[in-house]
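Encoded as structure tokens, the structure appears first; notes follow it.
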Amino acid sequence: MFLIVGLGNPGSKYDNTRHNIGFEVIDNISNEYNIDINRQKFRGVYGEGFIANNKVILLKPTTYMNLSGDSVREVANFYKISNENIIVIYDDISLDIGRLRIREKGSAGGHNGIKSIIANLSTDVFPRIKVGVGQPNIDLVNYVLGKFSKEEKEVLKESIEVATNSVEEIIKQDVNSAMNKFNGFKANKSI
């Protein structure tokens, strides 16, 4: 069983913000694999289904970004999911819009949602898919909570699709296979 977590902040005022790209990827996975995310528990909204004949749980924590680890820990403990089978998808300001980076472990890199997950799982060994949202030219908080432009949304459509494919590759093969296949991905469209 795999737990696939998209990081973001709950509430419509955060829709289409850079910090919520993880939620957008989860929504895309939900549509692609017909997995309804309609249950509330574990301080999040989630749904169960299958990807590549493996049972998966799609989770969007509703704790706000900085406490995401609370929700992840509750689901992982309840379903007895090992860290290696927890895939976390989130925004990365160090990557240009339209780029992806997959890692099997590592530090939080200044991302508070990842910092919370590492603290709650007591490990930094879990796969993650970083979706580039670009470098801020304004205050960091205003940037990550800011909305994407129409042009940025067009570029991100491709990134979201490839992030979805990356999740399937991790499940079917492993993290290294996904890294070899998708690391360095850059959307064909540019801004």
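Cβ coordinates are placed from backbone N, Cα and C, and glycine is handled just like the others.
Pulled from Swiss-Prot, these are the features on record:
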| type | residues | note |
| --- | --- | --- |
| ACT_SITE | His19 | active site, proton acceptor |
| BINDING | Tyr14, Tyr64, Asn66, Asn112 | tRNA binding site |
| SITE | Asn9 | site 'Discriminates between blocked and unblocked aminoacyl-tRNA' |
| SITE | Asp91 | site 'Stabilizes the basic form of H active site to accept a proton' |
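Features per Swiss-Prot, on structure.
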residue: Asn9; record: site 'Discriminates between blocked and unblocked aminoacyl-tRNA'; DSSP (3 states): coil
residue: Tyr14; record: tRNA binding site; DSSP (3 states): helix
residue: His19; record: active site, proton acceptor; DSSP (3 states): helix
residue: Tyr64; record: tRNA binding site; DSSP (3 states): coil
residue: Asp91; record: site 'Stabilizes the basic form of H active site to accept a proton'; DSSP (3 states): strand
residue: Asn112; record: tRNA binding site; DSSP (3 states): helix
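Same-chain residues that are not part of Tyr14, Tyr64, Asn66, Asn112 yet have a Cβ within 8 Å of the Cβ center of the tRNA site turn out to be Asn9, His19, Thr63, Met65, Leu67, Ser68, Gly113.
Per Cα geometry, His19 is the residue among the recorded positions Tyr14, His19, Tyr64, Asn66, Asn112 nearest to Asp91 (site 'Stabilizes the basic form of H active site to accept a proton'). The candidate set comprises the recorded positions Asn9, Asn66, Asn112. Of these, Asn9 has the most other Cβ atoms within 10 Å.
Using a 10 angstroms CA-CA radius around His19 (active site, proton acceptor), the recorded positions that qualify from Asn9, Asn66, Asn112 are Asn9. A Cα-Cα distance of 12 Å separates Asn9 (site 'Discriminates between blocked and unblocked aminoacyl-tRNA') from Asn112 (tRNA binding site). Residues Tyr14, Tyr64, Asn66, Asn112 are recorded as binding tRNA; their most distant pair of Cα atoms lies 16 Å apart.
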